[in-house]
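Trainee: Below is the structure I would like to discuss, written out as structure tokens.
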Amino acid sequence: MVGYDPEAKCVSSAEAAVAGSASGFVTRVLVSPLDVLKIRFQLQIEQLSSRNPAAKYHGILQAVQRIFQEEGFSAFWKGHVPAQLLSVGFGAVQFMAFESLTELVHNVTSFDGRDSFVHLVCGGLAACTATVAVQPVDTLRTRMAAQGEPKIYPNFRRAVVTMYQTEGPRTFYRGLTPTLIAIFPYAGLQFFFYNILQQLSKWMIPAEAKNGASIKDLVCGSCAGVVSKSLTYPLDVVKKRLQVGGFEHARAAFGQVRTYGGFLDCMRQIMREEGPGGFFKGLSPSLLKAAFSTGLIFFWYELFCGLLCTLKSPENTKRKEG
């Protein structure tokens, strides 16, 4: 049900927004610990290795243990409120825009709205639209997940007020350029590969095997997430580094900190000081997160859309009237 299909259209743009926000909410609760790990790894200047005594984090298991010992179990959901606002808002805008764009392309141009390349372009544009809408929340989420103890921002409201008063409104859009550069291919490739994998699954799985449809959506989404994240990951690292600019004092407990003059300066410094591997710090938890989150996003979205279609079906309407 992802994308416009004239033969099976039963979800409006508004309903797509509801399904997208609901899928984002459920998925965020489940993958938040992986997101915290990914952000901590991305922001660490030192090499992620036990052979480097200055490195705070060496690997996934060691990082989990250390965060738990120093900050407690709740640390894996640091910044969860802005993260939930991000997920709900992003999911709603992205899927509503995607459904509207694919329908527009199908009705106004000669292209088929079900084509994989249409999904590539529309998916990228939909994600860019959602990114601009929720970028301030993403910056807040990154700041709150990145801070150590004692906390600079004790809560979401204090973070908003402090950032606005000390750094101005533009700080909420730190890292927007690399975010937009990264999100277009990342989201576009997600929809592109999900569409291709769904088409392949129709050839490989018998039509009568409907019980496996939900698992199929989960697997196709997970594979699409891993591939797209692997191809666009370096830009995500640059984005996270820029988002914590002006926040260096709260990062002192985590090791070295750097100040970047912008997108290109950040890339130059990472390459010079950390080498090519610096652009792939945190890739392991990020791929785990991409597999889980993308798979769950499409899984829940398809599920909620299916539920909405069922509620609108003539049989269900007659049953209610009876």
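Placement of Cβ uses the backbone N, Cα and C atoms for every residue, glycine included.
Taken from TrEMBL, the feature repeat 'Solcar' applies to 11-104, 114-200, 212-307. The transmembrane segment annotation in TrEMBL covers 172-194, 290-311.
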Trainee: Short question: which residues 6 or more past the ends of the transmembrane segment (172-194) have a Cβ under 8 Å from it?
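Mentor: Residues packing against the transmembrane segment (172-194) from afar: 2-3, 94, 98, 116-117, 119-128, 131-132, 135-136, 138-140, 163-164, 220-221, 223-225, 227-229, 231-232, 235-236, 238-243, 245-246, 263, 266, 294, 298.
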Trainee: Taking every residue in the repeat 'Solcar' (212-307), what is their average pLDDT?
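Mentor: Reported value for the repeat 'Solcar' (212-307) is a mean pLDDT of 84.
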Trainee: When the repeat 'Solcar' (212-307) is classified with DSSP, how many of its residues are helical, how many are strand and how many are coil?
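Mentor: Going by DSSP assignments, the repeat 'Solcar' (212-307) contains 81 helix, 0 strand, 15 coil.
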Trainee: Using DSSP, how many residues in the repeat 'Solcar' (11-104) fall into helix, strand and coil?
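Mentor: Breakdown, helix to coil: 73 helix, 0 strand, 21 coil.
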